[in-house]
Amino acid sequence: MRGRGVCFRMYTEDEARKIGVVGWVKNTSKGTVTGQVQGPEEKVNSMKSWLSKVGSPSSRIDRTNFSNEKSISKLEYSNFSIRY
């Protein structure tokens, strides 16, 4: 996902908190956005759908790539944050 200058991280953080998932999001040096999402499967799927189809009002989502998906026994994060 490309995300510079469209407040994508801020909207992602807000949506993650609304949905109830934890993790982080940050811009990459390639002008894309990367992150990690953790939570119950149905909430993670809701967040993936939002990331793939909605995003921030000014964003254009060309494609999403979700990788390293696995079940975990304990959440590694207590909230959702923006990393810099």
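In case you wondered, yes, glycine gets a Cβ from its N, Cα and C as well.
Per TrEMBL, the features are:
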- Arg9: active site (ACT_SITE)
- Asn27: active site (ACT_SITE)
- 1-84: domain 'Acylphosphatase-like' (DOMAIN)
Just to be sure I understand, if DSSP states are collapsed into helix, strand and coil, how many residues of the domain 'Acylphosphatase-like' (1-84) fall in each?
25 helix, 17 strand, 42 coil
Please report the Cα separation of Arg9 (active site) and Asn27 (active site) in Å, rounded to an integer.
8
Let me check the 10 A CB neighbour count of Asn27 (active site). How many other CB atoms are there?
19
Hey, what's the Cβ neighbour count for Arg9 (active site) at 10 Å?
21
